[in-house]
């Protein structure tokens, strides 16, 4: 059955499967039916299994109201609700650095709407950046099949400008200039750590 | 109502409250009824609100089977199950470093049973360590009111020895020698980052 978040978005069960990412990456690369979340999870599995990085998606926080105990080994949650996370979805460690990011997609062909991000995500990324973490967003223009990695500091400038009455989206032309475009690959499906290498190697504290 | 994990441990709802930690820390410090998890969450709130570190407990992963949609804004989960996490409970960033840890307590007065840890947690900490993260466990001897921070590498040596038929717990006397003892404080309740400062400052890559 299809399970949806309150906002109507389809909920996907974390896979925890042991299937080699290499196998289905061969079949499914480049916008062929996987969600951006699935593509990133797949890439993270590749990075993990190849000792390149340890990056996980955090579980969705759930408020539990009622649990039944038919037996101690099989507690059944009978009433619970989706909660808003107080952080971003992904974090982990790579080359000794703390990484923290969010992944979002749009159907727009011309600009990335800022409403895809939430106050608490922006606040969390500012906090992590302040502690020396590397923070960014991976954004996909689904209709164009194009994928970018934008540094959080660049996102903040549009976010803050919006708060002051500025435009409510980031033009694709600006993203083309400021962000790193990511090309779909096989292993990993989305080689986004290459763009992180550039950030780390450029200026250690400029992310 | 009291909600329990399959292992019988009481489930505590994450607070997300905005109450000042300073207030209840004054009332509740030093083993006065809070669980170790609550004490660490409280300390992390203090560190976050004072721009010292960004460390969060990950939500418990839940497998969702059935959801009702009385309206789009209030999806109700009607059947779901607790899952085992594939990582440790806590991670975050401090002084530009990735921190990753687990917190456990025992009623024993003489040794810390290794059965408090799980294979996947040990594996995850090894992976994070390999990427340059700082990994450790915070362990509490509840009956003694004593609290220690033990580096993951020290834990591994006992863990591996156990796999080879060695003893199934770490003697308190060994912990006293190898770990940093943490003293309850007011703000934060458990000032565990002081011990991390020593790890960072001693040898940058020796954690």
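Each residue, glycine too, has its Cβ placed from N, Cα and C.
Quantities reported herein were computed from a predicted structural model and do not represent experimental measurements.
Listed features, source TrEMBL:
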BINDING   A:87, A:89, A:102, A:121  Mg(2+) binding site
REGION    A:1-22  region 'Disordered'
SITE      A:104  site 'Transition state stabilizer'
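Here the features listed in TrEMBL are painted onto the structure.
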residue: A:87; record: Mg(2+) binding site; Cβ within 10 Å: 22
residue: A:89; record: Mg(2+) binding site; Cβ within 10 Å: 18
residue: A:102; record: Mg(2+) binding site; Cβ within 10 Å: 23
residue: A:104; record: site 'Transition state stabilizer'; Cβ within 10 Å: 17
residue: A:121; record: Mg(2+) binding site; Cβ within 10 Å: 25
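Filtering the recorded positions A:87, A:89, A:102, A:104, A:121 for a Cβ under 8 angstroms from any Cβ of chain B leaves A:87, in order along the sequence. The Mg(2+) site is defined by A:87, A:89, A:102, A:121, and by the 8 Å test on Cβ atoms against their centroid, the other residues of the chain that qualify are A:85, A:88, A:90, A:100, A:101, A:124, A:125. Comparing residue A:89 (Mg(2+) binding site) with residue A:104 (site 'Transition state stabilizer'), their Cα atoms are 10 Å apart once rounded. Cα-Cα distance from residue A:104 (site 'Transition state stabilizer') to residue A:121 (Mg(2+) binding site): 12 Å (rounded to the nearest whole number). DSSP gives residue A:104 (site 'Transition state stabilizer') a strand state.
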